[in-house]
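Straight from Swiss-Prot, the features:
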- CYS52: active site, thioimide intermediate (ACT_SITE)
- ASP59: active site, proton donor (ACT_SITE)
- VAL74, GLU75, SER76, HIS93, GLU94: substrate binding site (BINDING)
- 1-21: compositional bias 'Polar residues' (COMPBIAS)
- 1-28: region 'Disordered' (REGION)
Amino acid sequence: MPNTDVSSLSMLGQQTETAQSPEEAVLEKVPSNHAGTDYVVRFTAPEFTSLCPMTGQPDFAHIVIDYIPGEWLVESKSLKLFLHSFRNHGAFHEDCSIYIAKRIVELLDPRWLRIGAYWYPRGGIPIDVFWQTGKPPEGVWLPEQGVATYRGRG
């Protein structure tokens, strides 16, 4: 029988304010009903925003997070609010990208995780950041992230 106990969740089904910083943001988890089965969960945030730590100008990215759960799944509303907490946060692209991945790994201890952060150009240069916890388990269907390389007018 599926584990549907959501009593520990504080945000799902509630009106929730966005944290003022990623450090303050709460990520929540729910039990996986399929622990022991290798499958990929994908979250896509095509309109992620943060601020340049030097100029305060907005930075935009298309972020794709893939993970193979262990015992836990990330609760999606808490992830959405966590990502939104970067909106007024000043950090370099690389720091935002790796921080997101490491917070999820710390919360879930997944079998495997990768992040692809495709940042839109600032100063004429797009920056893409890729990180993963190691090799994925064999035999898992792992789709391409499907985000085209930035081409401008090329």
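Numbering starts at 1 and runs along the chain as displayed.
Keep in mind that glycine also has a Cβ here, set from the backbone N, Cα and C atoms.
Keep in mind the model is a prediction, meaning the values are calculated, not measured.
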Cα-Cα distance maximum in Å, computed over every pair in VAL74, GLU75, SER76, HIS93, GLU94 that the record assigns to substrate: 24
Cα separation, ASP59 (active site, proton donor) to VAL74 (substrate binding site) (Å, whole number): 25
From recorded positions CYS52, SER76, GLU94, the one whose Cα lies nearest ASP59 (active site, proton donor): CYS52
Same chain, 6+ residues apart, C-beta under 8 Å of the C-beta of SER76 (substrate binding site), given in sequence order: PHE43
Under 8 Å by Cβ from HIS93 (substrate binding site), counting only residues of that chain that are 6 or more apart: ASP59, ALA61, ALA117, TRP119, ILE127, VAL129
Local Cβ density at CYS52 (active site, thioimide intermediate) - other Cβ atoms counted within 10 Å: 15
